[in-house]
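Q: Provided herewith is a single structure, encoded as structure tokens, for subsequent inquiry.
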């Protein structure tokens, strides 16, 4: 018994038929495309983790700049009174 009731010989026969149908060059190209897609996915996931680490720093910077924004709005209120 192999994988889910499929024996090793059956897997080899299916693999041989696939190679005969598509050829080795086409299978190599498909494998390269699949590998590139996996590599891109892993890179995107690592970039996502890096942006998650940067978010607390950005929040802290925005809290520090908040008093500047409130001072600016007070000037606008004074200008509106005139």
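Cβ from N, Cα, C; glycine included.
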Q: Quick one: which of 2-22, 23-43 does Swiss-Prot have down as transmembrane segment?
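A: Within the set 2-22, 23-43, Swiss-Prot attaches transmembrane segment to 2-22.
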Q: Using a Cβ cut-off of under 8 Å, list the residues of the same chain at least 6 residues beyond the transmembrane segment (2-22) that approach it.
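A: Result: 30.
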